[in-house]
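K.L.:
My questions will all concern the structure given below.
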There are 2 protein chains.
Amino acid sequence: MKCLNCGYETSLDQHNITCPKCGGILEIIIELKNFTFNNLKGRGVWRYKDAIPGNYTKIVSMNEGGTPLIKTKEEGKEIYYKFEGANPTGSFKDRGMTVAVSSALNTNYKVVVAASTGNTAASAAAYAARSGLKIFLVLPKGKVALGKLAQSILYGANIIEVNGSFDVAMNSVLKMYKDLGIVYPLNSFNPWRLEGQKTIAYEIAEEIGVPDSIIVPVGNAGNIYAIWKGFKELMENGSINKIPRMIGIQAEGASPIAKAIAKGSELPVFTNNPETIATAIRIGKPVNWIKAMKAIHNSNGTALCVSDNEIIEAQKELARKEGIGAEPASAAALAGYKKALHEGIINEKEKTVLILTGHALKDPDSMLRINTKIMSLNPEEIEKNVLGEINVNN
Amino acid sequence: MKCLNCGYETSLDQHNITCPKCGGILEIIIELKNFTFNNLKGRGVWRYKDAIPGNYTKIVSMNEGGTPLIKTKEEGKEIYYKFEGANPTGSFKDRGMTVAVSSALNTNYKVVVAASTGNTAASAAAYAARSGLKIFLVLPKGKVALGKLAQSILYGANIIEVNGSFDVAMNSVLKMYKDLGIVYPLNSFNPWRLEGQKTIAYEIAEEIGVPDSIIVPVGNAGNIYAIWKGFKELMENGSINKIPRMIGIQAEGASPIAKAIAKGSELPVFTNNPETIATAIRIGKPVNWIKAMKAIHNSNGTALCVSDNEIIEAQKELARKEGIGAEPASAAALAGYKKALHEGIINEKEKTVLILTGHALKDPDSMLRINTKIMSLNPEEIEKNVLGEINVNN
């Protein structure tokens with residue numbers, strides 16, 4: 001393990017979550033031994049158990065992962081949507097949670113905590129419930145999409161609504177972890193969680209080989225690194241022969257990394273007041289920014305930002321052309337793909353995978369604001385009206 | 001194909017949806033030729049394409065199916081949850097829709113229609129969007145769960161809210177199909193849809209062999225038949241050596257089939273005013289009742305009804321013990337399982353699969369009414385409060 005802040009190196013130890021020396025972000029460095037795609041068994045995250053470091057006497061799993069990689073219906077194009085909404089709680093977070101919560105059990109913690117814009121909360125609450133661990137969630141008050149808040153309630157988590165943004169909630173969790181020592185943090189600064197998320201890369205590589213680019217929404221910035229790390233491990237192991245460009249997408253009002261990339265800076269342009277309708281990526285101070293920068297630079301990638309209007313349009317297009325229902329933050333990947341095409345960063349013949357991080361059902365309000373035709377009729381009026389509608393349009 | 005109403009028999013024809021003679025419910029009878037679990041490829045519904053009758057020049061698919069079969073965390077027990085919430089639109093309906101919508105394309109329809117309590121609507125709208133077909137949905141006004149209505153809007157379906165129950169909406173669709181001839185019905189009286197749904201049985205048999213019992217929520221009553229049909233085909237083919245007992249679960253206020261079974265009647269006890277918080281099974285006149293009866297009788301199964309309170313408790317237990325978030329109609333399966341245990345219909349050592357038909361996110365209101373601890377705090381108060389809560393409980 002290596003600290004990306006102070007450079008401190010130590011051997012792999014499941015008890016280490018942040019740097020034992022400076023508290024900085026830790027990187028888990030592993031070498032795949034005897035790993036090959038040819039003898040894997042089972043489905044989902046734990047299909048790649050030989051690539052997941054740590055000891056797990058008891059695995060808390062709901063067969064997460066193994067999500068559909070949906071090819072665009074546009075003929076002749078190699079665009080794929082990795083639909084993470086098909087995970088048990090409806091987002092990619094489940095991949096990391098199965099590893100982190102299993103790790104918490106194995107290191108004898110009794111209490112887990114997480115700050116969240118919503119998806120982490122829902123996932124952490126579900127896995128904590130299954131594991132029997134006590135859980136506290138810190139959520140920015142009034143800023144969590146309805147479905148996600150409802151999930152946290154259903155799972156019986158202890159919910160703390162904090163007066164402040166996600167970044168304030170995140171800080172509270174970091175502080176609590178360091179001060180108390182007895183609460184296990186389930187946020188993505190916990191590098192063990194990312195070991196689960198990296199299986200997105202393993203699944204893509206196994207199913208369609210290595211794409212030219214991966215387009216991924218960036219909030220707290222752990223996922224773009226986790227996916228890159230997966231490809232990197234496979235490449236070092238000889239299972240694949242290149243690494244895709246990692247292209248991160250942020251919302252204009254919450255784009256510390258995209259802004260940094262745009263101006264050639266190594267440091268994010270943090271904001272105290274992130275704003276976007278894509279609540280899952282409404283984050284002004286991504287805790288994993290240093291990892292995201294590493295993934296972007298090392299893969300010859302980039303980061304772009306998209307407007308809320310572009311996100312809304314992309315969500316609608318994804319649903320109405322492809323049939324895929326994704327939450328706004330996920331739709332940002334499609335908006336970003338279009339921008340990358342427009343700016344000549346990628347071309348439409350390349351093999352590209354868009355990571356759709358969460359289900360449309362996570363945020364019903366985002367769907368309800370889109371227009372559609374609704375008629376209120378008595379039973380005997382239906383046939384005439386349908387016939388009229390069909391004829392008008394033919 | 002054989003009509004379950006008048007007995008008329010005809011050869012397999014994809015254009016037949018109801019009986020050409022009397023308009024009754026048609027059964028598709030096939031023999032699996034050369035089918036074996038040993039040479040299957042791909043994942044999801046179309047993994048079993050050799051078992052799906054009909055011609056499909058263009059398949060409208062989002063890699064539906066291939067859902068997790070989650071084993072209970074209770075040690076020593078062989079209880080499994082088939083989590084259909086992991087389908088693209090969050091319910092098992094996607095399995096049938098990929099087949100029915102592909103079939104509509106292949107038979108040159110331009111318009112599809114469906115009546116729905118919500119899940120069929122969401123799924124039909126998604127697959128219609130992906131196929132490019134025009135769609136009309138007939139929904140009972142004010143009786144569709146929020147997430148499902150929002151999905152139908154997102155997908156851009158033409159929505160008709162009818163003043164009446166689901167059964168009224170269903171009748172309108174049946175009438176429209178018969179009167180107009182140009183609209184393809186996506187409801188489960190369409191036997192091609194059930195050919196997709198039967199893959200639930202194929203997946204279970206392939207993954208864990210044949211369970212002793214299958215517990216399945218019953219609304220319009222197509223799914224219990226479809227799953228039974230899948231096992232029956234595999235048994236006739238010699239791939240498996242028994243058929244599980246099919247145990248259907250209905251909500252007390254909408255239990256025409258469970259009531260019939262209870263009094264030994266062959267005819268359902270229809271109701272004009274079905275009532276239950278489990279909106280997905282709030283159906284008083286199940287269009288596939290005759291198929292459900294067949295599945296239950298031929299498998300030595302039964303049907304039970306559970307109260308709304310039992311459903312609410314089961315939804316909570318499923319989430320807080322197992323970590324699985326299912327909508328109320330799905331939780332009815334767990335409530336029904338408990339009742340079946342209590343009544344000695346099954347014992348807890350049997351291998352049992354509960355079909356969880358839809359995701360908890362489909363119905364956020366159902367989650368929000370469950371109690372949990374919510375604290376509203378300033379950042380500096382969090383640590384003290386969490387420590388207090390931990391100490392109180394230890």
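Every residue gets a Cβ built from N, Cα and C, even glycine.
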K.L.:
Of the candidates A:Asn108, A:Asn119, A:Asn158, A:Asn298, which one does TrEMBL list alongside A:Gly219, A:Asn220, A:Ala221, A:Gly222, A:Asn223, A:Thr357 as binding pyridoxal 5'-phosphate?
P.N.:
A:Asn119
K.L.:
Does A:Asn220 (pyridoxal 5'-phosphate binding site) have same-chain partners at least 6 apart in sequence with Cβ under 8 Å from its own Cβ, and which are they?
P.N.:
A:Met170, A:Asn187, A:Ser188, A:Ile283, A:Pro286, A:Val287, A:Asn288
K.L.:
Please report how many Å separate the Cα atom of A:Asn223 (pyridoxal 5'-phosphate binding site) from that of A:Lys93 (N6-(pyridoxal phosphate)lysine), as a whole number.
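P.N.:
Here the two Cα atoms are 9 Å apart.
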K.L.:
Give the helix, strand or coil assignment DSSP yields for A:Gly222 (pyridoxal 5'-phosphate binding site).
P.N.:
helix
K.L.:
Can you grab the distance from A:Thr357 (pyridoxal 5'-phosphate binding site) over to A:Lys93 (N6-(pyridoxal phosphate)lysine)? Cα atoms, rounded to a whole Å.
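P.N.:
Spelling it out, the Cα of A:Thr357 (pyridoxal 5'-phosphate binding site) and the Cα of A:Lys93 (N6-(pyridoxal phosphate)lysine) are 8 Å apart.
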K.L.:
Is it possible to get the count of other C-beta atoms within 10 angstroms of the C-beta of A:Gly219 (pyridoxal 5'-phosphate binding site)?
P.N.:
31
K.L.:
Determine which residues of the same chain, besides A:Asn119, A:Gly219, A:Asn220, A:Ala221, A:Gly222, A:Asn223, A:Thr357, have their CB within 8 A of the center of the CB atoms at the recorded pyridoxal 5'-phosphate site, and list them by sequence.
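P.N.:
Once A:Asn119, A:Gly219, A:Asn220, A:Ala221, A:Gly222, A:Asn223, A:Thr357 are set aside, the remaining close residues are A:Ser188, A:Pro217, A:Val218, A:Ile224, A:Ala280, A:Ile281, A:Ile283, A:Asn288.
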K.L.:
So, in DSSP terms, is A:Lys93 (N6-(pyridoxal phosphate)lysine) helix, strand, or coil?
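P.N.:
Going by the DSSP assignment, A:Lys93 (N6-(pyridoxal phosphate)lysine) falls within a helical segment, counted as helix.
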K.L.:
Would you identify which of the recorded positions A:Lys93, A:Asn119, A:Ala221, A:Asn223, A:Thr357 has the most other C-beta atoms lying within 10 angstroms of its C-beta?
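P.N.:
By the 10 Å Cβ neighbour count, A:Lys93 comes out on top.
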K.L.:
Name the residues of the same chain, 6+ apart in sequence, whose Cβ is under 8 Å from the Cβ of A:Gly222 (pyridoxal 5'-phosphate binding site)?
P.N.:
A:Gly96, A:Ser188, A:Phe189, A:Arg193, A:Leu194, A:Gln197, A:Val287, A:Asn288, A:Lys291, A:Ala292
K.L.:
Show me the subset of A:Asn119, A:Gly219, A:Ala221 whose Cα is within 10 Å of A:Lys93 (N6-(pyridoxal phosphate)lysine); these are the binding-site residues I mean.
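P.N.:
Matched binding-site residues: A:Asn119, sequence order.
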